[in-house]
Amino acid sequence: MPSLTVPPGAPPILQSLTVPPGAPPILQSLAVTLERMLVRILVLLYLAGAPALAQTLCQPNASNGYRVRISIKTALGNQAYEWNENEMFLFRATMAFAMRRYYKTETYNVDNIIVCNQTRRVSFWFVVISPENPTMLIPKADVEKAVSMSRHRINNAFLLTDRTLEFLGIYPTLAEPVNPDTPPWLIVFGVVIGAVFAGIIALLVSSLLQKRRKEKGMMEDGQDEEDRQMKGVENGINLDGIYNRGFTDDDRFTKL
Amino acid sequence: MKNKLPNPGLDDRIPSHQELERMEKEEAGDRPKWDNKTQYMLTCVGFCVGLGNVWRFPYLCQSHGGGAFMIPFLILLVLEGIPLLHLEFAIGQRLRSGSVGVWTAINPYLTGVGIASLLVSFLVGMYYNTIIAWVMWYFFNSFQNPLPWSQCPVNANLTDLVSECARSSPVDYFWYRDTLNTSTSIGDSGGLQWWMVLCLLCAWLLLYVCCLRGIETTGKAVYVTSTLPYVVLTIFLIRGLTLKGSLDGIKFLFTPDLNELMNPSTWLDAGAQVFYSFSLAFGGLISFSSYNSVHNNCEQDAVIISIINGFTSVYAATVIYSIIGFRATERFDDCLEGNILALLNAFSLAEGNITEGNYAESLQNLNGTFPETIQSLDLKTCDLQTFLSQGVEGTGLAFIVFTEAITKMPVSPLWSILFFIMLFCLGLSTMFGSIEGTVVPLQDLNIFPKRWPKEAITGIVCLVSFIIALIFAQSSGNYWLALFDSFAGSIPLLVIAFCEMIAVVYIYGIDRFNKDIEFMIGHKPNLFWQVTWRFVSPLIVLVIFVFYFVTKVSSNVTYIAWNPSSEDFPTLEVLEYPAWIYVIIFILAGVPSLVVPGTAMFKLIRRCCSNKNVYGAEVDTVSAKVQMFTTKT
């Protein structure tokens, strides 16, 4: 005799199918067949309804969904590729990868990323459903964090940038500014000012030396004249004897 | 024509022709001399060709009817520029002295003209060198890739660009915030900006090293500073012509609009531009010319330098507008791309559906079917002519428009370095003339003891100018500079130029002047010079002066300020000057102009009130002529 106990978690309709013990064997086998059919129908309905259910989860302006906009021609120009189902598959796979990375689990799959409302612009909406519970959507904040974490990898998978692969609502974090220890302009300034100081000092020193040389030259000329007078060199001939200083012509050097 | 005012004692004050010949032969080593003619020509060309040729003339040309502006410009160049230039060269060469010496020699009551030149050279030199300091700041910052004015900085928590920059543009932000750190009004001084003080120090030290020994050192420096700008302009022309949109810019610049010739302000602007472009009335040209040999052909020099100046203005305008055309085309393309993207996004159309070609009709179609969506998009109107006619002049052209254009060129740091070296050379060679026009009159007036060497006097002038120019290194420095530019460098120069012409033609005597020129260059000046010196040029200068004076006095004096919290930001805010500024304006414009009659009155009063009649006598002795003066009470 087949067991006619209805499992506790069964839907109420099955429970109402319980046949009282002591029923004739035909009724019992009929109940079993019916039970199996119902289970199969329900399973089939469930399986068929799941995508439909999921489809209702993904809607434009869904509370937990994001809109993605892709501009391939702007980014790549002549080398732009065609957006087709394969590319969409890559997108879903990349998103699953991002979720895996963020949660540090290996439970996420391509099926967990639902996409809808694709346009010719190439823009579409997507939601992420939890692998444990297919009716539960991953909250917006978590999806945003996951995308931000792997943004670079997602961009590179498509040869795009933050500007051409847009997640509307998720702002890219800006690159940290490079702060060199010395601002570059100070270095150039230092070089120029050093050269200028060197120039000033060189010119001033050379001016001073020139002036000293001129003064020295004038003094020496005067000194030579007096010496020649004193030593008694006249017309280039050395005269013997002591020169009589009474006859020195000092008047020549007095200024008028 | 015997129109001449009485001028006793003129022959005693000036060297005669025989004395000039003697000085020429003996080569008195006291006065500096040019090493060769090339140095002299390059120095004069450098003094005349300055920043105004690059950033004032192209703007005037474009805003006053393009190619048609050449007509008043060339006419006034011939009628006003060349005669004035020839006059200054000839009088300097004849009287062998700087501006104060020349005018005092013509008549002691005219010393005021020389002093006015001194004051104007000093004031203009102060603010002009500050512009060079700004150029040096940009030059120092050009040695990095990417250039600091090509992108906005990020705010403290790395979430967004700095708001002031995001609302205006990276080049505006770099100029107004990073460079000037400008305050919101001229009254708000905001303290000294240390980086600006450093650049200012560098600029003055560099000027000092070049002017240390007068024309000995500047004569060597001008080989580089006067020729390099032409090389850089040519490089930019070649680069510019290979860029998209450059020919649109050049066409826009030169498209003639002959109706503008009927507008009197076109002629007045052309006259003013010719006058200021030749750096007349600063005293520097008289000084430079006095170092020449007596028989130098000053007539030929004047014509050649005028032609070079005019040609440089037109050449620079072509180069500038080829780059502006490129920038305008880039802006237009960006604007259109932005609009197309907005349309594609709003209607989710495939990329490539709307291009530049079918933009107009696509927009019309969409507007017909979905007018509300189009309205909500708030599309910008993109018009190439508007972008081209965003005519900017002055510092706006160099530091905002041109730097933006440079960031869009490949290998931007190289073009930036070249551009700012060119501006630096243009400014520095003009500063040489300014310093000459300040130092030589100071020496002539015997303000410093004669023992002091020229190096010391130049050093003192540079030091004092640097200290006063620290005003321009404050946050409000930009507004002070605009004030100096409008008032110190405009009205006094016109007054001085007018007085110069009257002095030479009617007080020195045009007949004596003609004979001098015949002695110097071998032939008398022809009818053209006679007519222009006696009537045409003074009349033109007088008309421009009256026009300027009336405009300035009758209009409300306002200035434009950068205020991030104003309503129309990033448009500059128009503010009125506070009341105490009028004192400053009087000092800048009034004092140099009033010094001319003021000195004459002062000397008159001193002579009358002293009640001493000074008798001069000459006694011929065996050794020399002895001058004797006795005072009889």
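Backbone N, Cα and C define each Cβ position, glycine as well.
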* Asked: According to TrEMBL, B:Asn53, B:Ser277, B:Asn309, B:Leu426 bind Na(+) 1; which one of B:Gly46, B:Gly433 is listed for that same site?
  -> B:Gly46
* Quick one: do the transmembrane segment (B:579-602) and the transmembrane segment (B:487-510) reach 3+ CB pairs under 8 Å, ignoring pairs fewer than 6 apart in sequence? -> yes
* Asked: Does the transmembrane segment (B:112-140) reach the transmembrane segment (B:531-550) with at least 3 CB pairs under 8 A, where each pair is 6 or more residues apart?
  -> no
* Asked: Cα of B:Asn309 (Na(+) 1 binding site) to Cα of B:Val49 (Na(+) 2 binding site): how many Å, rounded?
  -> 6
* To do: Taking the Cβ of B:Ser277 (Na(+) 1 binding site) as the centre, count every other Cβ atom within 10 Å, in any protein chain shown.
  => 23
* Asked: Out of B:40-57, B:221-241, B:456-475, B:487-510, which stretch touches the transmembrane segment (B:303-324) the most, going by CB pairs under 8 Å?
  -> B:40-57
* Structure fact -> Same-chain residues at least 6 beyond the ends of the transmembrane segment (B:487-510) with a Cβ under 8 Å from one of its Cβ atoms are 1, 3-5, 7, 10, 84, 87-88, 91, 103, 106-107, 110, 113, 116-117, 119-120, 123-124, 127, 275-276, 280-282, 530, 533-534, 537-538, 541-542, 544-545, 548-549, 552, 585, 588-589, 592-593, 596
* Structure fact -> Among B:40-57, B:192-209, B:270-291, B:456-475, B:531-550, the most Cβ pairs under 8 Å with the transmembrane segment (B:69-91) come from B:270-291
* Are there 3 or more C-beta pairs under 8 Å linking the transmembrane segment (B:456-475) with the transmembrane segment (B:192-209), counting only pairs at least 6 apart in sequence? -> yes
* To do: Mind pulling out the one from B:40-57, B:221-241, B:270-291, B:414-435, B:456-475 with the most Cβ pairs under 8 angstroms to the transmembrane segment (B:531-550)?
  => B:270-291
* Show, in sequence order, which residues other than B:Gly46, B:Asn53, B:Ser277, B:Asn309, B:Leu426 on the same chain lie with their Cβ within 8 Å of the centre of the Cβ atoms of the Na(+) 1 site. => B:Val45, B:Phe47, B:Cys48, B:Val49, B:Gly50, B:Leu51, B:Gly52, B:Ser279, B:Thr312, B:Ser313, B:Thr430
